[in-house]
Amino acid sequence: MTEIDYYELLEISRNSDKSTIKKAYRQMAMKYHPDKNPGDNEAEEKFKAINEAYQVLSDDEKKSIYDRYGKAGLEGHGQRGGGFSGGFDDLGSIFEEMFGFGTSSRSRRERKTYNYNLDVTIEVKLEFNEAVFGCNKEINYKYKTACKPCEGTGAKDGKLSTCPTCKGQGQVHSRQGFMTFAQTCPRCGGTGQATTDSCKSCKGTGYEEVKDNFKVDIPEGVNDGMRIRVSNKGNIAPNGQRGDLYLQVSVKEDSHFVRHDDDIYFEAPIFFTQVALGGTIKVPSLRGELELEIPKGAKDKQQFTFKGEGVKSVQGYGKGDLIIQIKIEYPKALNNEQKELLEKLQDSFGIESKPHETTFEGMFDKVKKWFS
């Protein structure tokens, strides 16, 4: 059975942040919930798989392991297929949106007067060596803080009115047959309150943007696509609560070294005479020079592995390997002297230098018999 990719299952990209993952999960879970698809076994299995995907992708540690090693890497980390342990709160809110259950508790839990997320995600660009060995990086970004005149409401003098669309309930209801469905009010976003006159200071946004900069230690071994959390550097709510800042790592490719997880690959050009004679050559590594023993008769694209010469695992799993792939190169042109020397060398091998003749001779005879 083909393993289902969690990102494909939720129909999101691998660089999606937590809010995108949660939004996709809620949409897919509502679509395939068994109570909306009675008797549909396929929808039920899809619903279980969606929950399994969310349990992994909503957990930073599990997500990092999954991104590197796939589903197999989660074995031994408490992951079980089809479970619900990772999303009871989200499942509860889905029930509320589908059937209108628990409206008052949801309103109490989610009701807020500001209209921005507390967590912030920005991209941090790293050179190849900065990601491999770690570095101290200066971060320049903007965060949001509640507008003081309106206290983050976006309303003039901070005064909000009862939302006319949902009458202060935070939800709107619709009927489909005998079922009644409740959804978050599109106007007030579930707060039950709406702006009549906008605050002049923030023009109704409810926040002000503040520039900030600081230095952060990037750990050794981070990779492209990883996220680093910096606590208490996100947006600030009117009550002083502050979110986190997430650094989305983007690593520039190196012109020679190619990284795959914690392993490093590069191609070493070898002249054909070195392959014929064998010998030792010096090759570059992440931390200096190494000696590579080229055996006589080595093949083009043959790989040689140096254990523990790769990238140090950011999760403490040791170091990856350095894999060198040789590329046999031949002269593009020969002068008269070189041509004469090669012809003499070929003649010195006798019939051994013409393996095609002995191979093809038997094939020619076989083909002739087919038509005789």
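Easy rule for this one: first residue shown is 1, then count along the chain.
Each Cβ is built from the backbone N, Cα and C atoms, and glycine gets one as well.
If you check Swiss-Prot, you get these features:
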DOMAIN    5-70  domain 'J'
ZN_FING   134-211  zinc finger
BINDING   CYS147, CYS150, CYS199, CYS202  Zn(2+) 1 binding site
REPEAT    147-154  repeat 'CXXCXGXG motif'
BINDING   CYS163, CYS166, CYS185, CYS188  Zn(2+) 2 binding site
REPEAT    163-170  repeat 'CXXCXGXG motif'
REPEAT    185-192  repeat 'CXXCXGXG motif'
REPEAT    199-206  repeat 'CXXCXGXG motif'
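Swiss-Prot feature annotations superimposed on the structure.
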residue	record	Cβ neighbours (10 Å)
CYS147	Zn(2+) 1 binding site	22
CYS150	Zn(2+) 1 binding site	27
CYS163	Zn(2+) 2 binding site	21
CYS166	Zn(2+) 2 binding site	23
CYS185	Zn(2+) 2 binding site	20
CYS188	Zn(2+) 2 binding site	25
CYS199	Zn(2+) 1 binding site	23
CYS202	Zn(2+) 1 binding site	20
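Among residues of the same chain six or more beyond the repeat 'CXXCXGXG motif' (199-206), those with a C-beta under 8 A of the stretch's C-beta atoms are 113-116, 146-150, 152-158. The Zn(2+) 2 site is defined by CYS163, CYS166, CYS185, CYS188, and by the 8 Å test on Cβ atoms against their centroid, the other residues of the chain that qualify are PRO164, THR165, LYS167, GLY168, GLN169, GLY170, GLN171, VAL172, PRO186, ARG187, GLY189, GLY190, THR191, GLY192, GLN193, ALA194. The closest partner of CYS199 (Zn(2+) 1 binding site) among the binding-site residues, by CA position, is CYS188; the full candidate set was CYS166, CYS185, CYS188. A distance of 21 Å separates the Cα atom of CYS163 (Zn(2+) 2 binding site) from that of CYS147 (Zn(2+) 1 binding site). Of all the binding-site residues in the list CYS147, CYS150, CYS202, the shortest Cα-Cα distance to CYS166 (Zn(2+) 2 binding site) is found for CYS150. Counting only the Cα atoms, the space from CYS147 (Zn(2+) 1 binding site) to CYS188 (Zn(2+) 2 binding site) is about 18 angstrom. One way to see the shell of the Zn(2+) 1 site is to take the Cβ centroid of CYS147, CYS150, CYS199, CYS202; the remaining same-chain residues with a Cβ within 8 Å of it are LYS148, PRO149, GLU151, GLY152, THR153, GLY154, ALA155, GLY158, SER198, LYS200, SER201, LYS203, GLY204, THR205, GLY206, TYR207, GLU208. Here the CA atom of CYS188 (Zn(2+) 2 binding site) lies 17 Å from the CA atom of CYS150 (Zn(2+) 1 binding site). According to DSSP, the repeat 'CXXCXGXG motif' (185-192) comprises 0 helix, 0 strand, 8 coil. Here the Cα atom of CYS185 (Zn(2+) 2 binding site) is found 23 Å from that of CYS202 (Zn(2+) 1 binding site).
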